[in-house]
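Here is what TrEMBL says about this protein:
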BINDING   Arg100, Arg111, Arg118, Ser156, Asp158  alpha-D-mannose 1-phosphate binding site
BINDING   Asp185, Phe197, Asp199, Thr202  Mg(2+) binding site
Amino acid sequence: MREFLIETRKRVPLAVVGGSDFKKITEQLAGHDKDLLLSLFDYVFAENGLLGFKGTEPYPVQSIQKAIGDDKLQELINFSLRYMSEIRLPVKRGNFVEFRNGMINLSPIGRSCSQEERNQFVIFDRENGIRQKFAEELRKNFGKYGLQFAIGGQISVDVFPTGWDKTFCLQYIQNHFDIIHFFGDKTAPGGNDHEIFADERTIGHTVEGPEDTKKQVEEVLGEGL
């Protein structure tokens, strides 16, 4: 996939946006090598763009605690810990609540799980709607605070101020390009790709994995964008 991206970038500028923090995105895309990651893309946006780079130049970092305050954050975290403590899963590990610059990441299994345990949770979640039910409870109890709740990645729910979804990153690129294509897998309502997928500033594509992503990117490039 990395080689494919390198070849693609010879034809069009590339940006990557993820809900994960910068450390996790670097691990996933560049084997913990920050310089390699920033060299692969024209823009890198972590935490939906709340921490971002154009080349090696950083954009200003946003802060969720400044946006909603520590009292509401603590209320949210306490509720989430109680809720997750009552969920019965095949396994549970550690790091259930991860505090990031622009969001809170809540993982019922815990982000310390192994890849095998992660894969097991994906199947269990698909069959039992664990994260969907969790997100609905959060929305019901904390939506009044101007927060959004999105099912992100494979094992967690992202919580962030309204408008701080992946469309946040578009402000940095919308004036530089006439056409912006977005490729993502969680594009249905409630998924953390939905808002940017459906945004009028992008042409959205739903992908199912690396091979499908390659195929669809090639199709777009073949059509001359």
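Numbers run from 1 along the shown chain.
Heads up, the Cβ atoms here are built off N, Cα and C, so glycines get one too.
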Distance, Asp185 (Mg(2+) binding site) to Asp158 (alpha-D-mannose 1-phosphate binding site) (CA atoms, angstrom): 16
Among Phe197, Asp199, Thr202, which are recorded as binding-site residues, the nearest neighbour of Ser156 (alpha-D-mannose 1-phosphate binding site) by Cα: Phe197
Residue among binding-site residues Arg100, Arg111, Arg118 with Cα closest to the Cα of Phe197 (Mg(2+) binding site): Arg100
Using Cα positions only, nearest of the binding-site residues to Thr202 (Mg(2+) binding site) (Arg100, Arg111, Arg118): Arg100
Neighbouring C-beta atoms (10 Å sphere around the C-beta of Asp158 (alpha-D-mannose 1-phosphate binding site)): 26
Those binding-site residues listed as Ser156, Thr202, and which of them has the most Cβ atoms within 10 Å of its own Cβ: Ser156
Residue among binding-site residues Arg100, Arg111 with least C-beta crowding, 10 angstrom cut-off: Arg111
Chain-internal residues, separated by at least six, CB under 8 A from Asp199 (Mg(2+) binding site): Thr167, Leu170, Phe182
Phe197 (Mg(2+) binding site), number of other Cβ atoms within 10 Å: 23
